[in-house]
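For reference, the structure discussed in these notes is given below.
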Amino acid sequence: MASLFTSFLLMLCLFVVPSLSSDPDPLQDFCIGDLRASPSINGFPCKSSVSASDFFFSGLGSPLNTSNPNGVAISPANVLTFPGLNTLGLSMNNVEFAPGGVNPPHSHPRASEAGVVIEGSVFVGFLTTNNTLFSKVINAGEMFVVPRGLVHFQSNVGKGKARLITAFNSQLPGAVVLPSTLFGSVPEIPNAVLTKTFRTDDATVNNLKSKFAV
Ligand SMILES: *[C@@H]1O[C@H](CO)[C@@H](O)[C@H](O)[C@H]1NC(C)=O
Ligand SMILES: *[C@@H]1O[C@H](CO)[C@@H](O)[C@H](O)[C@H]1NC(C)=O
């Protein structure tokens, strides 16, 4: 009887806490295992000497220089620029738009995003995995969310400049920016793949590659 009860408790535990035994979410794009090293954490090792300045960051500064083909500039506060965020599962960006500026379709593989418009008028949209577009024009003081990993964009549709502050539930959300991922990779994706994918010809693919080459 006692062993039956013990088995029941064990089964209950297995069913109730499965999430505690799963792998941690990745904190970087990849981590090639060094089979000779001792176990390490999925992130960065910790500094031994800490001071107040480790917990403050002045790098979200404004205004940013938006003189580029997209008319958008981003200053990130993630673990690479603000190491105090390490292991906290948080980061933020300052995003500024010239008139007509577009933050092109991209996704963050490791984070959902919340954003608030500080200045201007911004058309914000994201796409579901069944290609449904959810979009709206929002103004200063209004917020949006983008579920983790979904493709999204923002476009300044106001007369002047626009500014957003975004927040992420990852210390390093990562960004897959579709145009440069597909047409600006190193080495290049072969034209045979891209012409078939986009049902187009070499001239069109070469034209796009020429715009995103690094
Ligand atoms: C802004 O960036 C452009 C392009 O890189 C550069 O030519 C220009 O001098 C910069 N403007 C300022 C004010 O830094
Ligand atoms: C796609 O998702 C949307 C929103 O969840 C839903 O309304 C729509 O019916 C779906 N379309 C298809 C083709 O499954």
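Any Cβ shown, glycine's included, is placed from N, Cα and C.
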Query raised in the report: Asn103, His108, Glu113 bind oxalate according to TrEMBL; which of Asn93, Asn94 goes with them?
Result: Asn93
Query raised in the report: For Glu113 (oxalate binding site), what is the secondary structure by DSSP, using just helix, strand and coil?
Result: strand
**Report entry** C-alpha spacing of Cys46 (disulfide bond) relative to Asn103 (oxalate binding site), in angstrom
**Finding:** 34
Report task. Quick one: pull the CA-CA distance for His108 (oxalate binding site) versus His152 (Mn(2+) binding site), whole Å only. Result -> 9
Report task. May I ask which residues of the same chain, at least 6 positions away in sequence, place their Cβ under 8 angstroms from the Cβ of His152 (Mn(2+) binding site)? Result -> Pro105, His106, Ser107, Glu113, Val124, Gly125, Phe126, Leu127, Val146
Report summary line: Cys46 (disulfide bond) falls, by three-state DSSP, under coil
